[in-house]
Every structure is written in structure tokens, then in C-alpha cells.
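> This structure is in C-alpha cells; I'll ask about it shortly.
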Amino acid sequence: MSFGWWRLFVAAVVVILFFHGFSGAERAPNFTFMHNATTAPDISYYDYIIVGGGTAGCPLAATLSQNYSVLLLERGGSPYGNPNITNLSTFGSALSDLSPASPSQRFISEDGVINARARVLGGGTCLNAGFYTRAPPDYIREAGWDGRLVNESYQWVERLVAFRPPIQAWQSAVRNGLMEAGVMPYNGFTYDHIYGTKVGGTIFDLEGHRHTAADLLEYANPTGLTVLLHASAHKILFRTKGKSRPLAHGVAFRDSSGTKHRAYLKNGSKNEIIISSGALGSPQLLMLSGVGPAEQLKAHNITVVVAQPMVGQGMSDNPMNAIFVPSPIPAEVSLIQVVGITHFGSYIEAASGENFAGGSTTKDFGMFSPKIGQLSTVPPKQRTPEALAEAVRYMDSLEDAAFNGGFILEKVMGPISTGHMELRTRNPNDNPAVTFNYFKEPQDLERCVQGIETIEKIIDSKAFSKFRYEGMSIAALLNITANSPVNLLPKHANASRSLDQFCKDTVMTIWHYHGGCQVGRVVDHDYKVLGVDALRVIDGSTFNYSPGTNPQATVMMLGRYMGKTILDERLASDESN
């Protein structure tokens with residue numbers, strides 16, 4: 001067999017393995033490569049060490065494991081067997097769980113908005129409302145990504161975790177109301193980002209079961225991957241002696257009992273450590289490892305490895321505002337399924353169902369809940385567990401019928417407003433201090449106002465009329481939201497008259513925060529950390545803007561895309577040698 005034919009044969013085998021999985025591939029949740037970190041040796045060696053088994057880390061690990069030994073460190077536990085994660089009907093329960101074993105970790109930004117970060121294998125895909133949609137073509141071009149590989153990577157993700165949602169009465173009314181409001185044309189069901197109204201994908205299957213980034217580990221080569229759960233990374237280890245630049249060569253982590261472990265890279269100039277710990281976790285770990293703003297590191301007695309003032313800068317969270325619409329008739333339990341993509345820079349979405357999918361026995365109220373923190377912008381002096389508990393007690397005292405209906409929300413694209421992150425402590429399990437500066441830039445506020453005006457048109461539409469009490473004015477609906485007991489903001493009497501004030505008073509998160517390790521500032525276009533060797537950051541912390549209406553599809557795609565890119569680069573390098 002000639003060398004040329006042999007290369008074609010090898011290429012064909014690689015394609016088959018990548019697109020159909022290894023014959024030895026394992027099915028979730030029965031992964032033999034997944035272990036509690038307490039079972040890990042004190043010292044171990046791998047070709048790649050990935051810190052963070054989240055939305056990007058899981059597809060990245062699965063891809064790299066095809067050809068190399070990979071260690072995936074996840075600070076949380078497994079998503080499997082937890083009905084609060086798996087079932088659409090219990091959406092919100094995981095976010096309202098404040099126990100140490102919870103898959104979510106609450107934090108409050110310095111702006112006062114209650115938020116959450118994932119602490120589970122699969123990351124935010126285990127907690128979110130499930131909407132699956134791709135980034136717009138111009139976003140992909142501006143990122144400098146290869147369009148063909150992007151498309152292949154999206155498809156790779158979609159084969160396992162994306163589904164077409166069943167559209168019922170509430171979502172149909174919102175869809176038709178969007179068209180009446182002029183958000184045209186109607187683009188039907190599509191994963192693509194297109195101006196107009198569409199039905200997008202979901203990671204919930206037809207039985208209402210969630211599929212997460214952890215499921216993408218089914219693509220992994222089980223002999224090439226080790227996943228350690230409850231493994232909290234404390235710092236990246238660097239070699240500096242005899243090096244022109246610091247060289248990342250290991251990770252120090254602790255298991256749930258507090259025992260210290262170290263994982264090192266095997267010898268090999270191409271081996272790397274990759275941080276995929278999310279928009280809070282990735283800049284936080286860089287700082288804890290000595291890569292960050294020098295004065296801040298010195299204030300925490302952290303040895304400066306590289307003074308990098310841009311680590312933790314450019315933090316953004318897309319503002320979300322909503323109008324709650326009580327309904328005279330029952331509305332199906334639904335999360336995000338329909339979206340209106342406007343030309344003015346606001347995305348319109350909706351969710352519905354008795355108790356907002358919290359269930360009448362649990363009273364979690366899904367997305368509209370003080371337990372989750374949605375609609376809860378808390379003044380600094382009122383950020384107390386007692387204040388939150390009082391809001392929860394008030395909600396629990398209300399009749400179920402008071403929460404029949406749903407809400408229509410708008411999310412500001414981008415956004416343009418940015419903030420920053422700072423360390424509070426040297427403990428990686430503690431939340432850093434983060435400021436997002438919601439609506440600091442006037443254009444973000446203008447987009448919110450236009451979004452709320454569009455929602456008002458939907459509520460006034462003929463298509464939506466059966467879900468609205470006759471005679472209930474838009475001002476009354478605005479007041480329901482602005483004065484809701486789940487909102488701990490100081491009340492403004494003009495909130496229903498001034499949409500600017502309404503946006504500011506009722507701002508909340510949709511958990512799409514990003515930045516802190518941005519391309520061109522902290523990492524290069526190959527996601528390599530500037531100023532050091534053998535270290536990359538691959539996740540949403542590298543984004544300047546949130547991709548499309550909802551980012552999870554693109555973050556999963558990026559994990560696969562960069563894994564494939566790294567493999568292809570190593571293959572080309574090996575051939576040239």
C-alpha cells in the first residue's frame with residue numbers, strides 16, 4: 001500500500017470514529033471513567049488537563065480523548081439521578097437549592113442582582129431553561145472561526161443534545177403575537193439565528209428530560225479520559241526556572257475531604273492545561289495562580305507570575321426584563337421555545353405554566369422566584385437571608401391561581417455595558433466580587449425599552465387575547481411585575497409610566513454573563529493565555545458579547561471546535577516532523 005493510500009485510509013478511519021463514536025464508547029450515565037476525586041492518586045500525569053467539566057469542558061475533553069490522555073477536573077458532582085436537573089417540570093428547583101451539594105452556587109453581583117454559577121458536571125446546561133440556538137453568521141466571522149468546522153461542530157453537538165420542542169397554546173400565542181407586533185418574517189423551526197420570529201431547539205426531549213453537555217462525554221474514548229468529580233482546582237503550577245516565559249505544567253486540586261492532589265503534564269512540548277471554568281471561575285483561577293492585575297494579587301499575598309491587568313475585565317451580563325401576565329385559563333408548562341429576533345437589538349422570549357414549572361407542591365415558581373433570585377435586585381443594606389426568606393414566605397402564602405399564566409421577557413443583545421471582577425479571598429470555592437454595570441451604556445437601556453414596548457404589543461395582540469384578563473391594562477401588568485413581592489428593590493411610583501425606570505427597577509439575569517478572559521486581552525485567537533506557555537482558556541469567559549439569543553449551543557460548539565482544531569494541529573505537526 002502506497003503512503004498516499006495509507007494516509008487516505010487513516011483519514012477515513014478518523015472520520016468514522018469522530019462522527020459515529022468509538023465502538024467502545026459508553027452511554028450516559030454509565031461512564032466508567034467518572035470517579036470521585038477522593039479516589040485519585042496524590043500525583044498523576046496526563047497529556048491534557050482540563051479544569052472545569054462544564055458547557056465547554058465536556059465536549060473539549062471528549063474530543064481530545066480520542067488521541068490523548070485527558071484529565072477533566074469538575075468541582076461539582078454528577079448530574080445523573082438528580083430529578084431537579086433532569087426534569088423540565090422541576091425547573092428552578094436546582095437553582096433554589098442553597099445546600100453545599102447543590103448543582104448551583106448563588107452569588108450576588110455588586111450591582112445587587114442575585115445570580116448563580118454552575119457547580120456540576122455539564123455546567124450551566126444542567127440549570128438553564130434549555131433553549132438551543134446557534135450564533136449569527138457575523139458573530140462567527142468576527143470571531144475568526146472556520147465556518148465549515150463551526151457547522152460540523154454544531155452538528156456534532158446537536159446529534160446528542162438538541163431537539164425540536166412541542167409548541168402548545170401559550171408559546172403559539174406568543175409566536176403569533178410577535179408576528180402581529182411586526183417581528184417578521186416567520187422562519188419556522190430552525191437552529192439558525194435569523195431576524196424575525198422562530199421556534200428554536202431545546203435540550204429537553206419530548207418526554208421533558210434534560211440532555212446536557214455531560215452527555216457529550218458519550219463521544220469520548222473511555223480509555224483516554226479520566227473525569228474527577230468534587231475536584232476543586234486551587235492553582236495552576238508554573239515552571240519559571242530556565243524559561244523565557246512561565247510554563248504551565250500542573251494543577252493543584254483538592255478533593256471533597258480536603259486532601260491535596262497534583263496532576264502534571266506528561267513530557268511533550270504540545271501538551272497543555274486548559275481552563276474551562278466559566279466566566280467567573282476562569283479569571284478567578286488565573287488570578288489565584290498568579291496571572292492577573294499585580295496590585296490585586298499582591299493584596300492577597302499571591303506571587304505574581306505574570307502581571308496581566310486585563311484578567312477579570314470586560315465582565316458583562318445581558319440584562320433581562322419581563323412582564324408577568326396572569327391568565328384566566330391554564331397555560332402549559334413551557335420554558336423558552338419561541339424567540340423574536342429584532343433589528344433593534346432585543347430578543348423576545350417567553351415561559352409559562354402553573355407556578356412557572358415549580359410544581360404546586362414545591363412552590364418554587366420556576367424562573368419567577370425569590371429562591372432563584374430572578375427579579376431580585378437587592379439594595380446593599382437589604383442583602384440578607386432574612387429579607388429573601390420573607391419574600392419566599394409571602395410567595396408560599398399565595399394561592400396557586402395567582403401564578404397561573406406566564407411571562408414574556410426581553411434580553412438585551414451584547415450588551416455594550418461592561419464591568420469587572422475581583423478576588424475576595426484566596427479560596428477558589430468562594431465567589432469573587434463581580435460588577436456588571438447593567439444599563440451603564442444608554443444604548444442597552446434603549447434596547448430594553450424597545451423590547452418592553454414590543455412585549456406590550458404582543459400582550460395587546462389578538463393572538464394573545466385568550467391568555468389575558470379582559471380589562472387588565474398594560475400599566476396594571478407593569479405594576480404587578482414592578483411591585484411583585486419577589487422584587488426586593490425600593491419601589492418607584494413611576495415604574496409603570498416610565499419604561500426607563502421599569503427596566504432599571506426590574507433588571508434580572510438570564511445567566512448569560514461572560515468575559516473576564518477575552519480574546520485579544522487575556523488570550524490570543526487560539527485561546528492561548530498571553531505571556532505564558534502551555535495554557536489556554538476555552539469557554540464563555542473569552543467572549544466580548546453573548547453569541548445569539550442564548551449562548552449554550554455556541555459554548556458547546558466551541559469546546560468541540562477547539563478540541564478538533566488542537567487535534568488537527570498536532571496531526572499536521574507530527575506529519576511535518
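Glycine residues also receive a Cβ, built from the backbone N, Cα and C atoms like all the rest.
Annotations for this protein, taken from TrEMBL, read as follows:
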SIGNAL    1-24  signal peptide
BINDING   V120, W511, H512, G540, P551, Q552  FAD binding site
DOMAIN    278-292  domain 'Glucose-methanol-choline oxidoreductase N-terminal'
DISULFID  C448-C503  disulfide bond
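Describe the structural context of these features.
Over the domain 'Glucose-methanol-choline oxidoreductase N-terminal' (278-292) the predicted model carries a mean pLDDT of 98.
Residues within less than 8 Å, Cβ to Cβ, of C503 (disulfide bond) and separated from it by at least 6 positions along the same chain comprise P319, N321, F439, L445, C448, V449, I452.
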> Based on the record's binding annotation for FAD (V120, W511, H512, G540, P551, Q552), what whole-number value in Å is the widest Cα to Cα distance?
18
> Going along the chain, which residues six or more apart from W511 (FAD binding site) have their CB under 8 A from its CB?
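Non-local contacts for W511 (FAD binding site): N115, A116, G124, L127, N128.
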> Treating G and I as helix alongside H, and B as strand alongside E, what does DSSP give for the domain 'Glucose-methanol-choline oxidoreductase N-terminal' (278-292) in helix, strand and coil?
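Per-class counts: 11 helix, 2 strand, 2 coil.
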